[in-house]
Structure formats: C-alpha cells, structure tokens
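A quick write-up on the structure given underneath.
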C-alpha cells in the first residue's frame, strides 16, 4: 500500500467498499485481505489527488446506513407479534456491525471527521462553515444516530407498549424473555451513549418516564388490593416482598440510573400514600414490642421523608412510660440502688432493641436519651427532683467500705454504668453539692473503700462534665494526700526538738482548704479542748506557722474523732468517739460521778450540744443517768457504767454528725440556689461584656445555653439576676429601648 496521494476513481472504489460494508454490517464473514484492502481504499479516498474525497465517502456511507436501517425497520414491522424479538435480533446484529464499521473507517474518523467536527462552542454560538442541522459524526456515532431516527423513533409507541406489557406480565408471575426485554431497553441507552452531555436523555424520555408512570399506577392498585385482604403486619411483609421483587426486576431489565427512581415510585404508592394507616398501627406495635413488625415498619417508613418522626415519637413515649413505671413506687430502704438499676435496665433493654431491630438508628437513640432524661428528671407537682440526691447516695453506697461483698473491679464497673444515668440529670450542680458533702464525710471519717476508687470516680465525672465541675472534688482528694505528708513532717518536727516532747496521744491531722470543702466553719457550739489534747494542738499550730506564713488555721472540733481506752472494766475496750464525746468521757478520769454543771464548765459546750452528746453516751450505756428524771437538766448527774459490756472490744459510737439529717439536706439545696444565682450573674456579665448591647430575649437564651451543662435555670431566676446586676451597676437598661441592656464598663 502506497501512502502517496494519487488519482482515485471514486465509483469503482466505492462499489468495492459497499460490498464489504454490507457484509460487515450484517456480520457476514470478511477475509483479512479484503478487510485490509478496504482499509487502504478508505485511506486512498481521504488523501486522493487532486482533491480528497472524504466528504463524498461520508455522504455515500450515510446514505447506505439510512437505506439499510429503513430496510430493517420494514422487516420489523412485518413481524407483527414478534416485533420485540425481531427488533432485538436486528439491533444485536446492527450494533456490532456498526462497531466493526467504525474500526474500518478509522482513518476517515480521525483525519476528516474530527478535523471538521463542530466543537461545543460551535454548537452553542454557531459556525458558518458546516450545516448546523447535519453536523459531522464519526461513523460509529452516525450508525447509532440512524438507528435512533429511523428505527427507534418510528417504532417508539409499539416498542414501549410491548415492553410495559411484558414487564407487567413479569410482575404477574409470568416468565418473559429477559434477554430480549433487557436488550431492547438497553438499545435506548446505547444509541446516545457517545454524547458527552445528557447521554441518558433519550432513554429517560422515551422509556423511563412512561415506565415510572405505569409502575406508579400498578402499585397504587396493588396497595389497594393488599389493604383489603391483609392486616398491618401482613401488609408490611407483602410490601417488602414486592419491593424486593421490583428491585430484582430493575436489575434484570433497566439501566442502573433507574433503580432508585423505580423503588422510590413503589414506596410512594405503597407506603407514603398509606402513612395514616401505618402510623395508626404504630402505637400498638411499639407498645407490644412486636420486634418483627417494628423492623418491617422501620424499613418502610425510613424510605419516606415524613415517615419516621411519628414512629420515633411513639417509641420515645413508650420508653418514657416504661421508665416511669420502673422507677415509681421504689422501696425507701434501698431507693438509690433500685432507682439507678431500674434506669439502667430500661436503658439496656431499649439500646439492644434499637441496635437489633432498628439498625442502631441515631434518631431512635436520641429518642431514648430524651425519654430517659424526662424519666430521671421527673418530679411530683410542687416537689423537687430526687434524682441528683439519689445518684449521689448511690455513689456513696458503692464507695464506702460497707459496700457489701464487692471487689474494686465490680465497683468500677458499676460506677462506669452509673455515668450512663448521670448524663441524663438536668441539675448536675445539685448532684455535685450532695456528692461533695458525702465525699467529705467519707474522707474525713475514713469510710472510703479505696482512694483509687475515689479518684477514678472523680475522673469519670470530669470526663462527663469538664474540669470546672470537679475542681473542688479534686482539691478535696488532693488535701488527703497532702495531709498525710504533713503528718509525717509534723512527727519529724516533734522528734527534732531540743527537748523531748511527749504529746501523750497518737495525733493525726487533716488540713483542708476552706474554699474546696463543703464544711461550715461556724461550729454549732463553743468548745474547750480537753487538757489531754492541748499540747498536740499547740505544737501543730507552732509547726504550721513555721512552715506556712500568712495562712490561718481554723479548728473544726465538731468533725474530729478519737479513740478512748476504757481501763476500768475487766475486759479492755476501745471506743471510737467524737471530740465532744471524748471531752465528756475524759471528765470521768477525775471522778466516777460528774454533774451536768461540771461537764458544762469543763467542755464549755452550749446546752443543746452538750445534752445531745450526753444522750449519745447514755444510749450505748457507757454512762448512767443518776437522776430519777428522764430528761437531762442542770441538776442531772452522771456516773460511769461499771457493768458496761459489748460484743466487740472496739466499737464506734455514731452521732448525728455522721448521718444525713433533713436539715443538712435542706442546707445543701439552699447552697445550690445561692450558687446558681452567682453562676447566672457571672454568666450574664460575661455575655454582656462580650456583646456590649443585647436585647432581653437574646440575653435570656444565651444564659440558658451557657448554663444547660450544669442546670436548667428558670426564666424568673434569670430575670431576678438581671435586676440584681442593674442594681449593682454592672449593666443598665438602654435609653433607646426598655427591652435592651447595655454593659457598664
């Protein structure tokens, strides 16, 4: 083959080429030598001398394709009932033949057509050199275009009607020719696949659109039939079956771009159009916890934009009712434990249900959280919410030495689970106050199971609420280890004195930061330290003043405890007592009988505290009341009980200081209210300092938003705090509007 341009007889060359392309397009056998010769002929025509013949070749090829497709169209029409089969057969043959022709015409495609082809800009803005209505196309594209114009479009109505009928028969249980249906539908895609813009437009317009309409009508009627013959449970199962079948059908016949559209149409007709029916049954299904029906309903409703909210609300209501049922009427004796375990049981039950039945959907998890938040924070009318106090007591019970038969690991597991319930509390500041008081008692009276568990719990609270929430708890915990170090230093201080100092007692001290501990520094009574303790107190004050300048020690005698040996009985006993009880008992060192007046003089306690202390000793029968009167008065006298006995050689005399009294609970709640007022005032000042000017409602919303992590403030409390800050001249009402506040710099 010569590459040099030469004179070519077009008619002679075209006749040879025509014979070959007829064979190619009908998939007849063509010898390799013939193929190569025709390839050379096309090259020769494109580079012919004196004038290239590429344009004429293109025109003649186009005429051939038009005639060939018209001929095939006529034969398809003659096939009557076999239109789909014949169309499919000719399409399979023609589309492959067109691919081979495109290869044969490769030189024409690359050297003539591409160089003269209109660009996107030419098509958009116009170009004078080429007929805009008949743009040049590569031969493969031209063949497909001829098929679309001369075969598909004239047969469109017949083809679509037959395709829809065949697919309807498939839905009815018949078994149509899958290969033919898929092939015909795919031809609508294939004829425009060469287009860069909207290659599926033709397929969507002539087939997809009418198919979706027909699908909607079919499933509208199908849903109506199913509703008449089924209850809700059966209806949902049948609908899911229909959807699954339709999905398989889509994959058998349609282009992938249609899958979701078809399923969406089915869902609209069988689910969205009957939401009222499904929602009406939702209540009973959830209340009876029919897991299979819940799973089916979830799958159906999830696919519809307005489907799930009703189901979510129904589950939230159900969890709320279950939670209230589980946490009401709990026995007073073990209420904290029962309350927490009941909430955890409900939480665990519904977490499992949501994960296994509802696919772990976060919308339902949020509903669970909302429901349990309302359960945990539930309060009877005109009463306070008990949850913060109950949860603090639950922790207290777990962290005390008295926690029955539990290892540290078991306590750790329970405290980890407890955080689940804790996160639902609105009034976390109330919990913090109660927890701090109970922690103080555990630490001061040595009641903690272990300091590691105490630290672990504080860290869990820190993770849940942040550093600020636990800062005081951390300081309380730290004070205990600092105090242990101070005791060692104090003992070394005593040993290193120039003169030998004998304190006469074993002495241990806790130095606590006043700002961190929830302890009152104003004692309930005056008190004179017993002589036996004076030296220890004086030496520690000396030691402390030498080591720390500018710090003031305040002795909290009402919290101190000690051990007293009872040497006057046949059996050696050790009593663990408060300092007040110790002061009364030590008075009997000098005399077996002591009057009330003498005790008052030696201890300097007021009447109420002294009487309470004496009664605690009378209750355990360590001393006797020598008066015939039952009540203690100024004339009473007391004597040691020389016949005292106890099952234990070491025993503890409990006092009201170690028990939670109603007054103490009330004080805790009052302290919470005061703290809230200060917190809100600080929040208002922070916000106004940043914003300078703010309207009333906007300020209220920002304060609520900032406070929500600790508690839910009432609007009335916020308003009172605003008024207080106006009085204190931190903020002022704007002169322009009474509904606006300005920050006072």
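Going from the start of the chain as shown, residues are counted 1 onward.
Just so it is clear, glycine is given a Cβ too, placed from its N, Cα and C backbone atoms.
What Swiss-Prot records for 393 is N6-acetyllysine. Neighbour density for residue 393 (N6-acetyllysine): within 10 A of its CB lie 20 other CB atoms from the protein chains shown.
Taken from Swiss-Prot, the feature phosphothreonine covers 661.
Taken from Swiss-Prot, the feature domain 'Cullin neddylation' covers 675-735.
Residues or ranges marked as NEDD8 cross-link in Swiss-Prot (evidence: experimental evidence): 689. Neighbour list (residue 689 (NEDD8 cross-link), Cβ cut-off 8 Å, at least 6 residues apart, same chain): 743. Under DSSP, residue 689 (NEDD8 cross-link) is assigned to a helix (H, G or I) in the three-state scheme.
DSSP assigns residue 393 (N6-acetyllysine) to a helix in the three-state reduction.
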